[in-house]
Every structure is written in C-alpha cells, then in structure tokens.
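Quick notes on the structure that follows.
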Amino acid sequence: MRAIIIVLDSAGIGEMPDAEKYGDKGSNTFGNTAKAVGGLHMPNSQRLGLGNLTDILGVPPTDHALGAYGRMLEKSPGKDTTTGHWEFMGIILEKPFDMFPNGFPPEIIEPFEKETGRKVIGNKPASGTEIIKELGREHEKTGALIVYTSADSVFQIAAHEEIVPVPELYKYCEIARKILNESGYKVARVIARPFIGEWPNYTRTPRRHDYSLPPEGKIALEYLVENGVPVYAVGKINDIYDGHGITEYVKTKDNMDGVDKTLDYIRKVDKGLIFTNLVDFDMKYGHRNNPEGYAKALEEFDARLPEIIGTMRPDDVLFITADHGCDPTTPSTDHSREKVPLLVYGRHVKENVFLGERETFADLGQTILDLFGVEPMENGTSFKKEILD
C-alpha cells in the first residue's frame, strides 16, 4: 500500500478563528482568488468535495463527493511552511519561531560577515523579487550579499550566480545556519536565493535551497521509517524536515515537474509514503499578489488529478492539503493564517464523508501511521476509521 500526500503550498480556505491577531482577517486564498479572476475551473477537485469547504466561485459544493473531505486547523502559533509541515507530522509548537521585523541584530550579522568574508546589504524584511531589484546593482558591483527576511522566520541570502557561484552561496547558508543555531535565536529556515540576468530584469533560479532547523522531537516520518515504511519526498519536503525520516528525495523545478516526479514514484514504488510539496502557488503567485497566476496554477494542478488518480493502485490513499494561506488578493505579500483543505481519495475510501474541522494538522500524520499499522504519536487523532470500511 502507498499513501500519497500532496501539499498545495499556501492554498488556504479561509481565516482561522485567531486570524485577526496575525493581521489576516478576511483572508481566504482559494475563495478570494476565485473571486478575483471571475471563477476557478477545477472539476476534478470539485468532485472530491473542494467546493464543500468554502465558497469558491466556479467550484460549487457537491451532494456526493467521491471521497472524504474536511478542514484542518493549525494548533501551533504561526503561519509558515515549517510550522505547518512540522504539525502535519506531530510537532505542535508552544512558541512561534523568532521573527526579525527590524532585520537581524549585530550578533548575527557581524560573525556572518567575518566568516563569509563578504559584507551584508539589505538586512530588512522585503519581497525577494523587489529587494534584488533594489540592491542587485550594488551586489554586482561590490560582491556584498543581499540578506533579508519576511513576516516568516527566515534568513534569506540572495546572490547573482555570476557573482557568487551557487555552491559558494550554499556554503554561506551553512555558515548562517550554524551562527543562528549557536545564537539561541530560533530561526526556522535559512534560504539560498540565487538569481540570474541583468538589472532590473533579474530572474530567480530553481537552485533555491532551504536549511531548516531540525524538528523539535520525533516526527511521524521517523516512526514510519523505523517500522520499515519508506518515505519518498518530492520538492522541498526533505529540506523542511532537515532530512529526518526521509528514505529518498527528489528536487523539483516547478509544480508540473513536482506532479511528474510524484507520478514516477507512484509508478515505481510498492510500499510507503510519497510526500510532495508543490511550491509555485506560494512562491510565484501568493507572495507576489498575483491572483491570475495563482488561479492558473490551481487549474493546472486540477487538470493533472485524473492522471494521479488513474495511476493509483486499489489500496492507495491520496491526501490533498495545504500548509497555510497566502492570499494574493490582500495588500500583504506575506502568508495568511488560514484553515487548510483536506481531500482524501482512494478506491477503498468511503465516498461523501465529511471529516469536520480537525483540531490540528497532526491528524494527518496520525492517520498515516494508523494506515500503515505503526504505533501512534503523541499529537493528533486518526481518522482512518472514518475513511475506510
């Protein structure tokens, strides 16, 4: 048997009860994107019950969903990739990761400059595409590294591939990760952001690389691997969990490459969890407030669903979800604190089952463990009995 999780990165379905605290009142990535473009065409997801989860123009509710559907609420404080993915696999944070609305303090920047031998420019919260436009010429002239953060807990380093070769940029990220770990600050990710081209038309390349904090405790993926259930990671999953509980991984260039590589695993592996993150929704469209691009990417994914379902074996179970929101229609370019969809399909999965509002994303990881007959973890409630006879 195989379980397949596909995370539509940032495809939230409406504000969490505490969204106002995060400045995200009214956010609804799916609903607002659909409205902004005059409706979404997602017939395959609609048949799985997507339209039953929130009002999505063009995706009406169905009286008979082909699988189980519900919403998941995030128990951890935060609204970022790491927090969401860790919670899927059983880690519920007590305190959010550290943020740097005024940039990073001297006790981080000074040793970083010293160890890399390069000056830092920027050191402020910024949109990645905007800051390379703003500081790219200075970076090209001086070789200084563009360091920036966002409303997430991230230390990002942008560099032109002709000024700083990618392997060198990765080395600088490892230096930053070490300094941050030793500093006592809890920073979720260090991210390499290489770009190419000429000012002002720079393009970020797919050679991005994330250096995550290791998970704070044992995650469901590790339980699986210890019990002989392999875990195959597609996209940035391996980076998010810092390699913990991952048997094999592949990187992806874009969403469609991610779907192709997921299909490769579905065709070739006999047992295990195939765990995919499709990042374009978030990276290319959510943060750039581009609802048209976001809508097109959602429709492109939906068009591939029959292929995914058609490749599955009778005892496989597919889970489609998201890790947070990133509403492209709000003035903010940051993530939004939202509920996430939960769509479950398989030939043996009961049809038209409403799974309700799950109290934590950890219900997903707990259900995966239950499906493979692995001992439960501390957090989360399995919904295996609700979806299988």
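Think of each number as a place in line: the chain as shown, counted from 1.
Yeah, the Cβs are placed from backbone N, Cα and C, and that goes for glycine too.
As annotated by Swiss-Prot, Mn(2+) 1 binding site applies to Asp9, Asp323, His324. The feature Mn(2+) 2 binding site is assigned by Swiss-Prot to Asp282, His287, His335, with sequence analysis given as support.
Taking each of the binding-site residues Asp9, Asp282, Asp323 in turn and counting other Cβ atoms within 10 Å of its Cβ gives the largest count for Asp323.
The residues near the Mn(2+) 1 site, meaning same-chain residues not in Asp9, Asp323, His324 whose C-beta sits within 8 angstroms of the mean position of the site's C-beta atoms, are Val7, Leu8, Ser10, Ala11, Gly12, Asp80, Thr81, Gly84, His85, Asp282, Ala322, Gly325, Cys326, His335, Val340, in sequence order.
Note: the Cα of Asp9 (Mn(2+) 1 binding site) and the Cα of Asp282 (Mn(2+) 2 binding site) are spaced 6 Å from each other.
For the binding-site residues given as His287, His324, His335, the lowest number of other CB atoms within 10 Å of the residue's CB is seen at His287. According to its DSSP assignment, Asp282 (Mn(2+) 2 binding site) is helical. Rounded to a whole number, the C-alpha distance linking His287 (Mn(2+) 2 binding site) with His324 (Mn(2+) 1 binding site) is 13 angstrom.
On the backbone, the CA of Asp323 (Mn(2+) 1 binding site) and the CA of His335 (Mn(2+) 2 binding site) stand 10 Å apart. For the pair Asp282 (Mn(2+) 2 binding site) and His324 (Mn(2+) 1 binding site), the C-alpha distance works out to 10 angstrom.
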